[in-house]
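Input: a single structure, listed below in structure tokens.
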């Protein structure tokens, strides 16, 4: 089974692209969704122990947790030390299930693939991109988003240009949904061809 890492900076269309892979029948593990699930499950007591008062009714309150780690590099590192191994274990279980089921390709949707050392876990990398102004417009249209928040997020991410340089495949969502879907289909066809499936 070929493990495809899907990544891209905020606002570039990674989530939309992940849905396109799923709609084409490729299993997709969404790291962000896994975090949400873990926050209401096994991660909750671990997060509460590290950040008292951030769990309400057995579920991590993301706003309270965010207030505790935002701008505090040491706190963020503590949180990542709790969450990243759990997400990785969740992804490993996902891959094992789909490998056993005989899938030819599976996608790990990892927003911070390069930043968290995830490159070594995948066979190929797809980077989703779009022009910087398109990214800015998309992100600033989100509720509660500001120029300052966007700048802070981008400062923690590998620049888009560098991600594109490291990619095996690039999908430009700035060209529209149909063009992006055609690129997804072409990648799937190429990878299935490599496996002889």
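Just so you know, glycine gets a Cβ as well, placed from its N, Cα and C.
Swiss-Prot lists 11, 12, 13, 14, 15, 16 with the feature ATP binding site, giving sequence analysis as the kind of evidence. For residue 14 (ATP binding site), the same-chain residues that are 6 or more apart in sequence and have a Cβ closer than 8 Å to its Cβ are 6, 7, 8, 109, 111, 128. Under DSSP, residue 14 (ATP binding site) is assigned to a helix (H, G or I) in the three-state scheme.
For 3-197, the entry in Swiss-Prot reads domain 'DPCK', with the evidence type sequence analysis.
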Is it possible to get the count of other C-beta atoms within 10 angstroms of the C-beta of residue 12 (ATP binding site)?
26
Counting across all protein chains, other CB atoms within 10 angstroms of the CB of residue 15 (ATP binding site) number 16
